[in-house]
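Participant: Here's the feature list from Swiss-Prot:
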ACT_SITE  Glu174  active site
ACT_SITE  His250  active site
ACT_SITE  Cys368  active site, nucleophile
BINDING   19-28, Asn110, 137-138, Arg214, Asp252, Asn362  substrate binding site
Amino acid sequence: MKHFEANFDGLVGPTHNYAGLSFGNVASFSNAAQTSNPKAAAKQGLQKAKSLADLGMVQGVLAPQERPDLYTLRRIGFSGSDAEVLQKAAQQAPALLNACCSASSMWTANAATVSPSADTRDGKVHFTPANLVDKLHRSIEPVTTGNILQATFNNDRYFKHHQHLPEHASFGDEGAANHTRLCSEYGHAGVELFVYGQTATNPDAPKPTKYPARQTLEASQAVARLHQLEDESCVFMQQNPNVIDQGVFHNDVISVGNKNVLFYHEQAFLDTETKFDEIRRKMNSDMYFVKVTTEQVSIDDAVRSYLFNTQIITLPSGEMAIIAPTNCQENPAVFAYLNELVTLGTPIKQVRYYDVKQSMQNGGGPACLRLRVAMNEQEVAAVNQNTLMDDGLFTRLNTWVDRHYRDQLTVSDLADPQLIIESRTALDELTQILKLGSVYLFQR
């Protein structure tokens, strides 16, 4: 049976804006209050997804969240008609309105953690939505994320869906952005690398001092238990607190893995060699640890270019390719390094560049935009086929974006009641295109 690593990219929602909501994310903060282009953002994301499908990859899409989130605004005390709720929130608590209008669900690396059937005791693919408790604008996502995942991976024979972890800082969980699966082949049992920023139950353990550590060891361990993973298939590794304080808010900003390759910056982790030895022992097959030194690429250049927020994919030919943002081409040190990397004798033989600048300006590169799901042929066939990218879906979704999305949006536009109507009309139509059923509260 054939095995694949599918990528499910988040569709950019109609309210894509630059409100600077993500403390600890340098790009998000530095581009706050700029005018965004939701239509361009959505089309950039679709083009990247279609390009991977054209390379022969299994590529899907995940629907965005309903925004503005009027249910949360009502829950925190704003009342009246929908228009009045928006107006009151804009006047009395604009920061809360901004949080309830974020299109951050486009970054599906934070949607959930996924364990493939080859690793789990019950032989099913397991999904746990991330609770994202560290950021208000993302903490309101998990319930709808779970609905969308269940409508996308909608066969109980093959897929097991869990509730997100308890909504408390001790279980801060940011999903697949802090999780990489290493294996010899996608269909073979692998090693799941869980990376955390702090141990919540040990106040004396190392942790960052400037920016928050969004992932706890306790959360990573809980997900491993839920997913029925054996101890021999898990490694828990701490991210270096110093790089979190330099703007590396998720591990996928400082390392990325695929199959038997882990591409990482030398400052990425604590206790690096001991943990790499554990990975080698548990993998029991050849591993390529591709280290980038500070001399080659500084942390600042890595964060600004998103060198590590790239995707590493295995092409049908068997070669590995890096899917990088065009920002990597524009950074001389990073571009020089990537040109050298393909000559170093690792499995990485190609680099392909894509323009995802609308996402990058909010702090999300190619790796943020996708959720990886390793599956066999039967599991791929059990996925909701309407969510898988092909020429027809690409055309339908581009037409849908043209019909419903604005080409500019400012933070002040978020108080426009028309945005509610536009967004709900768009999402209602999208659920019909993708055959998701009623995943949104306004449809129930």
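Each Cβ is built from the backbone N, Cα and C atoms, and glycine gets one as well.
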Participant: May I ask for the distance between Cys368 (active site, nucleophile) and Asn110 (substrate binding site), taken between their Cα atoms and rounded to an integer number of Å?
Facilitator: 7
Participant: Nearest to Glu174 (active site) by Cα, among Asn110, Arg138, His250, Asp252 (recorded positions)?
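Facilitator: For Glu174 (active site), the spatially nearest of the recorded positions is Asn110.
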Participant: Drop a 10 Å sphere on every Cβ of the recorded positions Arg138, His250 and tell me which sphere holds the fewest other Cβ atoms.
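Facilitator: With the recorded positions Arg138, His250, fewest surrounding Cβ atoms within 10 Å: Arg138.
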Participant: If I take the alpha carbons of Asn110 (substrate binding site) and His250 (active site), what is the distance between them in whole Å?
Facilitator: 9
Participant: Measure from the CA atom of His250 (active site) to the CA atom of Leu21 (substrate binding site) and give the result in Å, rounded to a whole number.
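Facilitator: Rounded to the nearest whole number, the Cα-Cα distance is 15 Å.
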Participant: Would you mind reading off the Cα separation of Arg138 (substrate binding site) from His250 (active site), to the nearest angstrom?
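Facilitator: Checking the Cα atoms of Arg138 (substrate binding site) and His250 (active site) gives a distance of 14 Å.
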Participant: For Ala19 (substrate binding site), what is the secondary structure state per DSSP, taken as helix, strand or coil?
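Facilitator: SS state of Ala19 (substrate binding site) = coil.
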Participant: Looking at the recorded positions Ala19, Leu21, Cys368, which one has the fewest other Cβ atoms within 10 Å of its own Cβ?
Facilitator: Leu21
Participant: To the nearest whole angstrom, state the Cα distance for the pair Ala19 (substrate binding site) and His250 (active site).
Facilitator: 20
Participant: Within 10 Å of the Cβ of Asn110 (substrate binding site), how many other Cβ atoms can you find? Include all protein chains, please.
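Facilitator: So the number of other Cβ atoms within 10 Å of Asn110 (substrate binding site) is 29.
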Participant: How many other Cβ atoms are found within 10 Å of the Cβ atom of Asp252 (substrate binding site), counting all protein chains shown?
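Facilitator: Summing over all protein chains shown, Asp252 (substrate binding site) has 30 other Cβ atoms within 10 Å.
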